[in-house]
Structure formats: C-alpha cells, structure tokens
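Residues or ranges marked as transmembrane segment in TrEMBL: 54-74, 94-111, 146-166, 194-214, 256-275, 287-305, 416-434.
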Amino acid sequence: MGDESKGQCQSQPLLNNKSIAYARSKSHAYDELRVFRRWLKWMCVDQSDTTSTVLSWFIFIMFAIVVPGLSHFLLACADCDANHDRPYDNVVQLSLSGLAALSFICLSGFVKKFGLRRFLFLDKLCDESETVRKCYMEQLHRSLKILFIFVLPCFAAESIYKIWWYSSGGTQIPFLGNVIVSDIVACVLELCSWLYRTTVFFLVCVLFRLICYLQILRLQDFAQIFHVDSDVETVLREHLRIRRHLRIISHRYRRFILLALIFVTASQFASLLMTTRSTADLHIYKSGELALCSVSLLAGLLILLRSAVRITHKAQAVTCLAAKWHVCATIDSFESVEGETPPISQIASNQVFPVNSEGSSDTDDVGDEEDELDNTKFVHSYAYSTISFQKRQALVTYFENNKSGITLYGFMLDRSYLHTIFGMELALVLWLLGKTVGAIS
C-alpha cells in the first residue's frame, strides 16, 4: 500500500504539468500507465516497440488463427462417441476468431495512430479538475479488474469442459508420440487460444467503457457550472469541448461497434439456426461450449452498448439541467424584483429554494439514482444578475437543438436506438424460428 501511494503521488503531478511531453508509446519511470502497460505486455497486445509488435502479431496469428484451425480440422474426432462429438465447433471457432481479429486490428490501429496516452485521453487530463483526474485514474486501474471479472469465469468454465473432453478420451492423435502428452499439449493450446481471444475482445470493450466514463466525469464536472456565477460564453465553450471529445470517440469506435454488432448478430443467428434443426442434439456436452461462447460475446456487446447509451443519456441530461437552471434563475429574478426590501427578498428566496429541501426524506429515498446531471433538486441561481433572460433562453435553445452523445454514422446511440435494434433482432429471430420450428411441425 505504501508503494502504491508513493507511486500515485509521484504520477499525479505529471497529469497537471502541461510542459512534459512523453513519447507516444514509451513508458517512463513515473508514468501513470506503467502498470497498465505491464499488463498489456503480459496479454501480448503491447506494440510499444518493434520487438513487442512482432511478438504481438505472432501470438495473434498463433492463437487466433493457427490453433483454432488445427483444433477444428485435426482434433474434430469424427469417430468419437455422442458425448465427445462437437457439431457446433465451427460456429464457436469462427465467432471467437472473427471478433478477436476485429478487436486486435482495431486496437493495433488505435495505438499506432494515436498512442496509448492520447487514445485514453490522458494528454487532456491536465485541463480537467482534480476530481476528474483522481476518479479517472482510479477507474483506469479498476478497468483491469473489470476485465478479469468477465474473462475468468468464462475461462474457468471452458477449462472444466476441455479438461473433461481430453481426459475422457475425446481425441487419440499422438502427434508427439505419446497420447497423454499430446492431449495435455493440445488442451493447453486450446485453452490459451480461448483465453487470448476472449481477453482481446473484452479488452477493447472495457477500454471503450473507460473512455466513456471519463466523459461522464467531465459532464458531472460541467454540471457544476450552473451552480456558480458563470457567463454564457464559458458554458458554451465547455460544452463545445465535451461535444468535440464525444465526436472523436464516436469516430474512433464507430467501425468497431458496428462490426462487433454484425459479428455477434451473425454468430447468434448461426447458433440459433443450428440448434433449432430437427436433427440438432442439445446435450450439455455438445452445446455447452456454444452457449459459453454466446454468453461471452453478448457480454462484450452489452458493455459497448451500455457505455454508449449511458454517456448519451448523461450528455442529453445537460439540456434538462440548463432548462431547470433557466427557470430557477427567472423565478428568482422575478421574486427579487417584486420584493422591494431585503427581508422580503430573503423570504421569497427561501420560499422558492427551501434551505432543508436537499435533506428531505424524498431525496434520501432516491439513493444513488440521482447525480449532478440528472436530479430533481432546485438549482440555486447565481447568474440571474449578470446573464439576461435572452442569453439564458438562447443557451437552452442551443442545447435543445444540439444534442450530443455517442453516434454511429450519424445515428445517436440512445435508448430509442437500442429499442430499434432489439425490435429488428426480435423480428429476425421470429422469422428464423418460423422457418425452422414451423417447418418441423
């Protein structure tokens, strides 16, 4: 704990100092990314130098292409019994390898083009508040834990299945001269391939979640502007800066999100098509790996969509906050004009903004569902004396007509868009079930 505290104290000033310019991929002794880079090296996705790049591509080709291909064509075990037959192995291997290839190529392109620090927006943290910097660095170190929370349970289930499959006589190919040694080597290679492909896919999804979390912190910090004496130009400049960052994130991730959605959808429909055939055997020994693959892919896709929808919801909540700020400022200004003496003005202000309103039982019942952006509290107006009604109205109109968030080639990834995706997926599922189950009956 002492070393970690010392490391954080030494790395924190680097975020505040604009005069320090790091190389794009080089890790420094007090770099706040040193732990993150170390984990990237262990996951064989680090490309900070030529050696690491060659090793990274070699591991990718080995575990995402060669091992799955050999496993499918050489270890298919055509003469196995009913429990060891793998009729859905082609869907599993193609789904995992396809998404792993997509994730690895996108991640390599991101790091090569922008560098890890720029890709994670660490170079912009010097312009943020102390709260945003601190919370973002905590979330950066927590992201690796989130990654393993999703990967390790799936890997444990896959390990149990593979160990059972090989130990119970799933294959008898002695390519090393000894059946036992051959099975051990084949089992280890398959498990490493599964772990590598799922880790790379979840890594890109978790990094997208991390970047979206930074924008949520910025929006929450932006909400404080409405609680202090600010002018319209300051509010507008800050909002334009946040919109620019959201547009950058959307532009970088739009291909990955769209292709991941297509890959996962195709994988699920292929699985549905194969499992609803009249000759399909849905025994746990045969379809268990397919179910595990589907759960892994859907979990990663949900991380992407949930992060995008959440940041879009927070960004659009700024409009509600600005409108509420405008209303409260207008009410307060009218009450102040009507009150000729200070005592009456004070009484009117207390009537509009009760002192104990934020500590009421209603607020306690809400819990963690409200934050600085989306809440039901009155906004204490500080700016009605310096910002005219016309300026406030113009600002609210700007927010209403310039909604921000994560976009996918012009389409806003909000809750209504998710409902559209769900409706399309459900329609295709029902159509497919009508072609398969309806044909059987």
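Cβ from N, Cα, C; glycine included.
Automated prediction, rather than curation, is the source of TrEMBL annotations.
The stretch from 94-111, 146-166, 194-214, 287-305, 416-434 with the most CB pairs below 8 A to the transmembrane segment (54-74) is 94-111. Here the transmembrane segment (194-214) lies next to the transmembrane segment (287-305) in space: the count of CB pairs under 8 Å, restricted to residues six or more apart, reaches at least 3. Between the transmembrane segment (256-275) and the stretches 146-166, 287-305, 416-434, the greatest number of Cβ pairs separated by less than 8 Å involves 287-305. If you look at the transmembrane segment (94-111), the same-chain residues 6 or more away from its ends with a CB under 8 A from one of its CBs are 25, 45, 47, 56, 60, 64-65, 68, 119, 194, 196-198, 200-201, 203-204, 207, 252, 255-256, 259-260, 263-264, 267, 270, 293, 296-297, 300.
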